[in-house]
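I have placed the structure first, in the form of structure tokens, so that the comments after it can refer back to it.
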Amino acid sequence: MEQDNETSGGDFILLGFSDQPQLEVILFVVVLISYLLTLVGNTAIILVSRLDSKLHTPMYFFLTNLSFLDLCFTTSTVPQLLWNLKGPAKTITSTGCAIQLYVSLSLGSTECVLLTIMAFDRYVAVCRPLNYTTIMHPSFCKALAGMAWLSGVGNTLIQGTITLRLPRCGHHQLHHFLCEVPAMIKLACVDIRANEVQLFVATLVLLLLPVSLILVSYGFIAQAVIKIKSVQAWHKALGTCGSHLVVVSLFFGTSSAIYIQPKRSYGHIQGKFLTLFYTVVTPTLNPLIYTLRNKDVKGALKRLLRREQIS
């Protein structure tokens, strides 16, 4: 490929969708719109949750963390993707690639743990309502959020460092649109079976284990909801839990498909679209899901807008 000769020694070539120029034009517009919506939607949720005193609850504390995480997650990948989609240059420096790998992996890992913590919060709210404020104390919530962020940092320091230290023997063409572990280890010119095992173990811990814990939490929630006789309480429980379940399904469904079977996914157009979905589309949909299905957020938005009009 001609781009090989046009790049400096350490730069990587993100092939992405370069074999489909017409698709790149469409994707540029779609990704740009999605990114702008992500910025607006998640910033709005953070501001509303902070400014409205009625939303100063554990659920919205974790939702604020999720929105901030999504802002950082998309910003770590989308600007470079847009740059590569708009022109012939598909390169990223080795330093830029390393930063993208570390940051996106850390934030993705953090989201896995954070979504699990949010499921636990919903379990306590529905199954232990009388003890909710005692269990979900602000200091405990901060500790849980801190654990989520630290687990992401720990995972990326281990996986990212091992991946970047693999010898590549001059291979710089990534059959993907971002620097990610499954794509990076394919550039190695040594036996990568140990790396694939390590990736699989990390997937079990950060994807399948959280999914299992979330399913268990919602199993208990389902049992509790069935016993609720009040229709209003039943709808409220389904409303708050339903939003979280949709977000969990979107994020874990697509990311699991990539990381559980990387050999089948990477290098194929379907795998690229799955990655595009959980890195670009899901962060865009999260604010819409939580806003459209949540009366508290919609009520807070109306109160803030009314306050602005009065002032």
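Even glycines carry a Cβ here, placed using N, Cα and C.
Because the structure is a prediction, the values reported are computed rather than measured.
Within the set 60-79, 160-179, the record from TrEMBL flags 60-79 under the feature transmembrane segment. Long-range contacts of the transmembrane segment (99-120) within the same chain: residues 59, 62-63, 65-66, 69-70, 72-73, 76-77, 80, 92, 144-145, 147-149, 151-153, 155-157, 159-160, 163-164, 178-181, 184, 206-207, 210, 213-214, 217-218, 244, 247-248, 251-252, 255, 279, each at least 6 residues beyond the stretch ends and with a Cβ under 8 Å from a Cβ of the stretch. Spatially, the transmembrane segment (273-292) is not adjacent to the transmembrane segment (140-158); fewer than three Cβ-Cβ distances between them are under 8 Å for residues at least 6 apart in sequence. Per-residue confidence over the domain 'G-protein coupled receptors family 1 profile' (41-290) averages out at a pLDDT of 86.
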